[in-house]
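A.B. asks: Here it is, the structure, as structure tokens.
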């Protein structure tokens, strides 16, 4: 019965957590919707927003209420264990408060002053310096470093660098640094779901990009070679937007809130535009005009009139065009014609959309709205082509622009006459037909003679019988070989030349098209990432919360020890610590590390050096510690010689006694270090000393294995309390680098009987552990050592 009751309570707790999570997601979604509506109101005619001031005030008050209700709990959660959900909600809540107040103030000022440009400048923060440029500084154990943040990827890079340098950073310093990053994320991640194009650089890969390349087929290429071509879609994620410029025409008849007379007027105006477009749309294709001219020339001829050479050429070209089986404007079955219209067509579509919108606004609202893009139309017109593409449009989806750009590339490539003749022989026939018609027209105009009057004078190369005239030199040369033999030779040579030319052209065409396809395939991913609408991904929030919790756990561990442990031994102020240090150091240095233990000790070293951001060794399907460290060092671009040094660090001096580097109470002391790389090496040496000393302690004194853990490795239960486990916890703090927890197995939530030892010296800490585990043995061994040291020689 007790087991069933416990399971029922546990199930109820799980259901309660799920319900609370769902409510938080619902609130976050509503705040995101509110932020999106605020962004729309910023860009709309402020006269419309003025009519919504009362509703906007209610929303601002609701944000105040949510802030008062939720922020205390969110701050408490932040101190316990920050989650991506609570942090994202906290960002959105703070940003919604700022944006709502800003829009309300701008609308109130517009209501009093009525300046459109001032409203847009204030509501959209168009004045002043760029808010997305920030310089941040950080104090490490090896000195001060600074970096500039311009993109979201810069924030991710800084977080990866913090993760790698976590063992040479003080928690208080990082906490202030994380506040600076939080302010930057508040301006970006907190502003809504849509990312401004100037905020991301997709050519910079993120940690997820690198991890994806590590688990996918490499085709013989190295990871670093492939990552250069990687387009990041994790910091920001692109989405497909459906844009239909006819939505207004389709939905207007169903707009019941519009008066019937105004709706009828608007529909009538739209119908007039549609009919006018059908009447004025003409076929401007050059192929159609050429075909009409050719048909007129051929229809003017009859069997009673002699056919000139040019007329015969026109007839033959018409024959080949008709026999090709493809009608004009028939879709071609290749990649090129599967794309959308060209850029000019997109511009025309945008202008048509603006015309329709203006007519409907005038009919329904009796005025044309002064939206942002209309008030600043002159500035938008002066933008260059690249900025206009990034700006996008209201009538064309980003994919339409992308396909138009790609089609323009193909059209430019295929405008070469050679490619046109090979790919589209019927179009080559059209070009030839156009050339013949131009020659006939110019010749007839120059001689002031009608081409089809029957006198046979239009063809210079036609004789009186209507046949081709033979060149005299050609006739003389045929006398030696014979007419038929010479013609056969000319025909064979011409055929051979044509065949060779065609084979060469086909080979050239295949290579050029293959190169173009490869180039466009590679560039298409970048175009899609740049021009499509992007929303914020979860990478930054996940990375920020992981690092924040990792550094916060150091201070929280010390606070929890002071509150929960019944017995605290602080060796930092003990008078007997020096004797204990000398005794334990001398006892351990008599022994050597077993080489068979080095692989496991090396993995422990990797686990302690790795930061909190990459937790592959703590997943449900855990990987070795070197895998997590591999992602940590590769994502910061650690130099190869340092990676090699780190990989072999535990094997150096394993048979000697020079692995001890710290002085008495000098563990994790960096007072003599003046650069970051030297600080890293010193931290590695301290960690190596801790691992070797602990391993020798376990083997010499037979007290069982001592577990060495990071401060962020302790789990937290649903009440926010630590689930304590015995072990030595390294905090990477110079004031209290080592904390030993003992007796956790006998402690409960009601009674805390644990013992905690705080120290800045490895050997005095180990002696205190020996005293706790085997006090009689510790005193006996120490007395024997003192006696032997004072015995006469």
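Positions of Cβ are set from backbone N, Cα and C atoms, glycine also.
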A.B. asks: Swiss-Prot lists zinc finger for one of the ranges 206-234, 235-263, 264-292; which is that range?
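C.D. replies: It is 206-234 that Swiss-Prot describes as zinc finger.
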A.B. asks: Grab the same-chain neighbours of the zinc finger (206-234) for me: Cβ-Cβ under 8 Å, and only residues 6 or more beyond its ends, written as numbers and ranges.
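C.D. replies: For the zinc finger (206-234), the sequence-distant neighbours (Cβ-Cβ under 8 Å, at least 6 residues beyond its ends) are 153, 156, 160, 522, 525-526, 529, 537, 539, 543, 613-614, 631, 634-635.
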A.B. asks: Quick one: DSSP breakdown of the zinc finger (206-234) into helix, strand and coil?
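C.D. replies: So the zinc finger (206-234) is made up of 14 helix, 0 strand, 15 coil.
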A.B. asks: What is the Cβ neighbour count of residue 701 (ATP binding site) at a 10 Å cut-off, with all protein chains included?
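C.D. replies: So the number of other Cβ atoms within 10 Å of residue 701 (ATP binding site) is 19.
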A.B. asks: Tally every other Cβ atom lying within 10 Å of the Cβ atom of residue 703 (ATP binding site).
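C.D. replies: Neighbour count, Cβ to Cβ under the 10 Å cut-off: 17.
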A.B. asks: Non-local Cβ contacts of residue 698 (ATP binding site) (under 8 Å, 6 or more apart, same chain)?
C.D. replies: 704, 705, 706
A.B. asks: For the ATP site given as 697, 698, 699, 700, 701, 702, 703, 704, which other residues of the same chain have their Cβ within 8 Å of the site's Cβ centre?
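C.D. replies: In sequence order, the nearby non-listed residues are 696, 706.
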A.B. asks: As a test of reading the model: what is the averaged pLDDT for the zinc finger (206-234)?
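C.D. replies: Taking every residue in the zinc finger (206-234) and averaging pLDDT yields 85.
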A.B. asks: Quick one: among the binding-site residues 697, 700, 702, which has the most Cβ atoms sitting within 10 Å of its own Cβ?
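C.D. replies: Output for this query is 697.
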A.B. asks: With an 8 Å cut-off on Cβ-Cβ distance and a minimum sequence separation of at least 6, pull the same-chain contacts of residue 699 (ATP binding site), or say none.
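C.D. replies: Residue 699 (ATP binding site) has long-range Cβ partners 591, 594.
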